[in-house]
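Visitor: Before we start, here is the structure in question, set down as structure tokens.
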């Protein structure tokens, strides 16, 4: 296996796994987030089919596969169409993760198109930075992956020499942009080297060991802040170092940051191509046999190089948006090209964790009489001070993440929040399931609350006890202010905000289709809803790990039974040696015969013979 082959396969396998979990995690949340009675019903933003407009024009205006359903004769509503796309993406990604032939450029293009289609109608819940990163890395995967499914014979395909640098560039922008944004925000926590002390408690969804990291000495946490800044600002330059050991060092430092790091540790090496294609990758297309294959290799190389240069050029536009001085120097043609493909989210700017201002949380409270209020706890985000932070990865609870984001602003800045309040007052089961899957943990499982309000609290991790025992309470909190006033169904404030944000129903909900495909989707949904969302993802992870284990054991058993093949080279030598031995023996017999004849003639000429 060549030096480039291993990291490329690791990169492709990692992207397949990430796609699988991303589709599966979104699938289990679709009814509550995008259902007909969800927080943000997708039917309100579903692209409409216009028969008078060309198909390509509609695709460019609304790059989503959802509107192709009616054209394909699929009798599905908007929610079921999203579920179908998620299931198709998850199964295709699962196949790519388990079967190497499916890690193909066409397969990854389908995965990218499916996820882009979902993001186009996902609204606020599909606009996180990890969604943009997955779309950008997924598009690069289309360029990096081999094109084998349409090849009927071995032909030239030299992607790595060019796309190799695009993956490095993405990783550089992700880490370096994050580090620069931290210092450019002028946050006193970063400049005072106290950011790590508060960063773990300010995570979107903290982990159980975040509390223990918070208890480390201050000098150690300050050292960790320095190390983090150095890792994100200084280390990314090593991705382009000419010395391989420096790139390896940068890889091992950043291996936990983002999976594309797997692809930046090696320089291009021979992977079955002629030697000239390794030393001169730009002219590798002329090393294949046949004029047609040379022409095809040249065209393919030109397309890949053009795509790589275009992606690199347009990626400078969002990257330079942090400083207006540099942004004004971008060529107008590059800006125009970026505006043409911006809706496809091929590139994005990343400025993660730029400010650390402590943790604020929105806490819901419901009441039946407006006198006694009961707190509503979420499964994943901090709420009850006595509950430890959970481990939910690889699941991504998007409502809990959005609740943490909403706590940084105002309620009127988050239109979905008003819709969430309205759904909880109605007692929508799919929305309630996003908050609590166990009805015993939801205080209004028998009847929805009559009144609902939301308050803003400040949260901090508790300190270690003097006897160094485990925490009895993981959090301490203080009331900050009212986040959303107490409302009930029919309240003028609630109705006004629903109308303002376009979330008020203007037409009745149509009954769900009863086609065979729709019935199959309902059966799958019924089986999935029997488990909490994070357990569904863990079950999928366990399934993949089990299959990989059986494949490894099976390959080991079958490989041990097979006899070791005789090397081809000794066979050739032996084959060559046998004719040579035959020729030698034949020549020796011939020489022996000639010698005997000469001896006989000499004997005839001897004096004794003459007498």
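Any Cβ shown, glycine's included, is placed from N, Cα and C.
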Visitor: Among 62-80, 81-99, 195-213, indicate the range for which TrEMBL gives the feature transmembrane segment.
Guide: 81-99
Visitor: In TrEMBL, one of 132-150, 246-264 is tagged transmembrane segment. Which stretch would that be?
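Guide: Going through 132-150, 246-264 one by one, TrEMBL flags 132-150 as transmembrane segment.
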Visitor: Which one of 12-30, 31-49 shows up in TrEMBL as transmembrane segment?
Guide: 12-30
Visitor: Can you find at least 3 Cβ pairs under 8 Å between the transmembrane segment (132-150) and the transmembrane segment (219-241), where each pair is 6 or more residues apart in sequence?
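Guide: Taking Cβ pairs at least 6 residues apart, the transmembrane segment (219-241) and the transmembrane segment (132-150) are not in contact, as fewer than 3 fall under 8 Å.
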Visitor: Spell out yes or no: are there three or more C-beta pairs under 8 angstroms between the transmembrane segment (106-126) and the transmembrane segment (162-181), with each pair 6 or more apart in sequence?
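Guide: The answer is no, given that the two segments have fewer than 3 Cβ pairs within the 8 Å cut-off.
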Visitor: What counts of helix, strand and coil residues does DSSP assign across the domain 'Lipase maturation factor 1/2 N-terminal' (127-257)?
Guide: 90 helix, 0 strand, 41 coil
Visitor: Would the transmembrane segment (162-181) and the transmembrane segment (298-319) count as touching if the test is at least 3 Cβ pairs under 8 Å, pairs 6 or more apart?
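Guide: Result for the transmembrane segment (162-181) with the transmembrane segment (298-319) is yes.
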Visitor: Go ahead and report the DSSP secondary structure tallies for the domain 'Lipase maturation factor 1/2 C-terminal' (347-485): helix first, then strand, then coil.
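Guide: Going through the domain 'Lipase maturation factor 1/2 C-terminal' (347-485) residue by residue, I get 34 helix, 34 strand, 71 coil.
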